[in-house]
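Take a look at the structure below.
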Amino acid sequence: MAEILDGLKVSKEIKAEIKAEVEKILEGRKRAPHLVAILVGNNGASKAYVNSKVKDCEEVGFRSSLLKFPSTVSESELLEKIDELNKSKEVDGFIVQLPLPDQIDQEKIIMAIDPRKDVDGFHPENFGKMALEMDTFLPATPFGILTLLERYNIETKGKDCVIIGRSKIVGRPMSILMGRKDFPGNSTVTLTHSYTKDIEEYTKKADIVITALGDPHFLKGDMIKDGAVIVDVGITRVDDDSPKGYYLAGDVDFDSCAAKASWITPVPGGVGPMTRAMLMKNTIIAYKTSVYND
Ligand SMILES: Nc1nc2c(c(=O)[nH]1)N[C@@H](CN(C=O)c1ccc(C(=O)N[C@@H](CCC(=O)O)C(=O)O)cc1)CN2
């Protein structure tokens, strides 16, 4: 039976470490780190994620601002706001919550963010630096997974790692990070996706499987090998009769995989809270490296 990679517990530890760091910083400086979040539209999950990021800021002692725009907002309005945030001496980092409505070109928005304030690590300059093993902001979800593996001392060196899903914010950066020359990394990585002929052929041989496809209960126990490490990034809201009206489903069929794996992340309480904690980490890095906060 697998042991749990407890993202909720580790995220609390990380936030406590950041809080202590902020308290120390504030002894000698004028202002707290400031994170701004831009939320466009009414997507229920996006609203919940952004609100939880604001709550995390309060918890660690950051200042936060939530800027809400209607789903009809124009691209130029958003670009104007981004320009303002780029120039502001009061803002250390900001994020634009994804996904964005269809009329907005996501790439244009990401390209407009000053890489020094891009605490999501999505700007091509930061993505490139990540690939080149240079110091930069790592995208929060992959950063969270690496940190979770590190805190549980999961060996990744020389392991076969299969990633399912090649999204720009999770699967693709994760595939780069797992193959980098630092810890945790040094894995042999296979990035599988919708055109992979037989995913099972890969997952059955993998020491580490990271699923990020958003297909509830996709990965079953008979698709993995004994002792594998299973990391579940998927969080899908599935409608049900509960008071909330939905439950959260991971990509992993938890019971059948937990029976065979050595380590496994739960949903909720695994990768999600780690994503939030690493955004706080990136924000304090942005604050410390900012030219404006002395
Ligand atoms: N600008 C960004 N947009 C999006 C990102 C991102 O990193 N930057 N990632 C995802 C969503 N995401 C962060 O924004 C995110 C996902 C999940 C969680 C989380 O805490 N999940 C909890 C369950 C929460 C719930 O009850 O719904 C868990 O898994 O335990 C936080 C953030 C897409 N967009």
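Every residue, even glycine, has its Cβ placed from backbone N, Cα and C.
The domain 'Tetrahydrofolate dehydrogenase/cyclohydrolase catalytic' annotation in TrEMBL covers 5-120. When pLDDT is averaged over the domain 'Tetrahydrofolate dehydrogenase/cyclohydrolase catalytic' (5-120), the result is 96.
Here TrEMBL flags 139-289 as domain 'Tetrahydrofolate dehydrogenase/cyclohydrolase NAD(P)-binding'.
Taken from TrEMBL, the feature NADP(+) binding site covers GLY165, ARG166, SER167, ILE235. Neighbours of ARG166 (NADP(+) binding site), defined as other CB atoms within 10 A of its CB across all chains, total 19.
Secondary structure of the domain 'Tetrahydrofolate dehydrogenase/cyclohydrolase catalytic' (5-120) per DSSP, as helix, strand and coil residue counts: 62 helix, 19 strand, 35 coil.
Mapped onto three states, the DSSP output places SER167 (NADP(+) binding site) in coil. Among the binding-site residues GLY165, ARG166, SER167, no residue is identified whose Cβ is positioned under 6 Å from ligand 1.
Summarising the environment of SER167 (NADP(+) binding site), the number of other Cβ atoms within 10 Å of its Cβ, over all protein chains shown, is 16.
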